[in-house]
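See structure below.
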């Protein structure tokens, strides 16, 4: 029987003892089994060399876990020096991090969606808040929050491993700095906030609450029906009896100042919108700039970090209108619902959604008519934040519109060329008018008709033509100034540098040629001197004979 077909062959690694089963069967004799145990322990360096010779330089996590601690550290340190292992490990970590973030984003959005459903059901119901449906939704939110917090720690563990692989670090504790620990704790705390199962009230009275009419048919959804009577004797779990009595008294007395408060569920529900940062991380991890290996290589070579600010800047540069519209609509729905949830009055209940939308619009556009105002400090805070975001969005809108209205380089060239042609034609026409009316003024003055109306009209037209000639020349100078931009200056500088380099090379080549000519002249001079000496010797010999 082959070893690969033997079902009793155990899973072993190269460094663990290898157990081989040899089974011999005879049809006449009883079955007998012979077990041969062979122990082979190679050193870590020998094992890695053997894998490199076989072309398999990777090692899975199962094999690493079965190694001793000291041997595992040595193998990890050795594998970090292998570029192929690091690239493969980096790709696996990127895929795992993206998958975990997708799950986190789904759980975060699910928790926000369930939170809005639970609060809306409470806002529109006329019975007590502690119902089975409410407790079920809150329990589901709590379960998703627990899973989300666990995934936050697991995500950062993958992030630390990715940092270690990128920087060839074999110990993850080196990358766990104090800033990283604080960021992990803060992110877990943000994801941990959610409305807990139960019913708790916190009253926030406002001194400047706008008085409204009393809604007699309104029933407070945050209290049971027994607490709407004057004989109420008990309160909720953490609410004192005096608070319930005060609310009941304020409900009955229509002439008193209404009291506004924010329930603890709303206070714990609004921070859940901070989980939307997971969408920003989702956009970053699924961007083609982050997923493309060539883009990552260019970023590493130019020391550019492909983080969320870089990705969102590139998206705004490519699609500014779409990004700004998406941002404004997201803020519109979040802030409108937050104003509706925060603004609560004992006499009128929660603010209607249409009123909250109108309040957001007049706050976002910084108009502030004053017909609708928030009645709680929480609502006022949201209105103030909405106004600040509105100013910021207005600045972005102006920048986007100016970018859309700006001409491209080719369009600017065509526009300037057409404008220059039109100005040249207008200059010729006005120059011709100057000549024509100047000759007419001279002719009428010579004839002695400088008093009649024709002379005055001709002189007026002459002065007007001269004025237009000067104005057209000024416009031509401005148009010539518009031709020159930073790009043209850069092109001129680049061409000038190229010309300078070419001239310098020519000068160097000419200097070399001059040096060669000097050497040739020196050689010719030496040859002439040698020839003169020989001629003198021949002349002396001739004279001696």
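Placed from the backbone N, Cα and C atoms, the Cβ positions cover glycine too.
Summarising the annotation, TrEMBL assigns compositional bias 'Low complexity' to 29-38.
The compositional bias 'Basic and acidic residues' annotation in TrEMBL covers 39-50.
Within the model, the domain 'Calmodulin-binding' (420-495) carries an average pLDDT of 86. What TrEMBL records for 420-495 is domain 'Calmodulin-binding'.
Among the features that TrEMBL reports, region 'Disordered' is placed at 25-60.
TrEMBL lists 99-117 (among others) with the feature transmembrane segment.
Taken from TrEMBL, the feature transmembrane segment covers 137-155 (among others).
For the transmembrane segment (321-339), the list of distant contacts is 116, 270, 273, 276, 312, 315, 351, 353, 356-357, 359-360, 363-364, 374, 379, 382-383, 385-386, 389, 393, 396-397, 400, 404: same-chain residues at least six beyond its ends, Cβ to Cβ under 8 Å. Taken from TrEMBL, the feature transmembrane segment covers 321-339 (among others).
Marked as transmembrane segment by TrEMBL: 351-370 (among others). Within the same chain, residues 331-332, 335-337, 339-340, 343-344, 379, 383, 386-387, 389-391, 393 sit at least 6 positions outside the transmembrane segment (351-370) and bring their C-beta atoms closer than 8 Å to a C-beta of that stretch.
Marked as transmembrane segment by TrEMBL: 382-402 (among others).
Shown for the domain 'Calmodulin-binding' (420-495): DSSP residue counts in helix, strand and coil, namely 68 helix, 0 strand, 8 coil.
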